[in-house]
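Listed in TrEMBL for this protein:
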- 6-27: transmembrane segment (TRANSMEM)
- 39-61: transmembrane segment (TRANSMEM)
- 94-119: transmembrane segment (TRANSMEM)
- 131-152: transmembrane segment (TRANSMEM)
- 172-193: transmembrane segment (TRANSMEM)
- 205-225: transmembrane segment (TRANSMEM)
Amino acid sequence: EGVLIAMGHAFFTLSLGMGAIMVYGSYLPKNVSIAKATITIAVADTAVALMSGLVIFPIVFANNLEPGSGFGLIFETLPIAFGQMEAGVLIGTLFFVLLVLAALSSSISLIEPAVAWLVENRDMSRVRASVWCGLLTWFVGLGSLLSFNLWSENKILGMNFFSFLDYLTANILLPLGGLFIALFSGWLMATASSKKELNSSETGYNIWLFLVRFIAPVAVMVVFLDVTGVIDLL
């Protein structure tokens, strides 16, 4: 169960299945190894996540609070914990300022695929494409915000707008996006092109091709069935 949860979380934290990493990868210089860059990103992301957990959860447990996760941990549990600490106002303020910066950098990554597509296929300038994508994101975010107050009584499949959007993206769209990317990379993309892009040894390329053709799709489907609750019904 823990492995499945970690695999599902990887889609979100590594921006898998949404095209962000793929777009960033297209900007890499030709002399940069995609394999080494991928491993470096995964290791760095995991290290940051572990360090964050080692910092946050001791604060929560020291104040005898339930840790929770996600939205509840950040905006409900941690403010209470900071309020019970010495210099908690300063630490809490610094934490949420850094959280805003992290959210801003993440939002840039998330809209980059759409911006790049508009620039390349609709002849838009980057500024105009960024403004349109930013406005669309703002309106969707406004709906998420209002779902906790003015629209709290409005439900979609028994969930408020924020919960529905979170479920749709994290449990449906991201795994399916990852599955389609794996199938495209392994079966539809020309082997000559993928071999040229990876620029690895013949053995390394064959291992990658086997993993992306057979292992990755199965693993993604297992994650998809788990997060949608299908496995629990079996």
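Using the three backbone atoms N, Cα and C, a Cβ is placed for every residue, glycine included.
Fair warning: this is a prediction, and the values are worked out from it, not measured in the lab.
Long-range Cβ contacts of the transmembrane segment (94-119) within its own chain (Cβ-Cβ under 8 Å, at least 6 residues beyond either end) map to 15, 18-20, 22-24, 26, 74, 78, 82, 125-126, 129-130, 132-134, 137. Remote same-chain partners of the transmembrane segment (39-61), defined as residues 6 or more beyond its termini with a Cβ less than 8 Å from a stretch Cβ, comprise 13-14, 21, 67, 73, 77-78, 81-82, 85.
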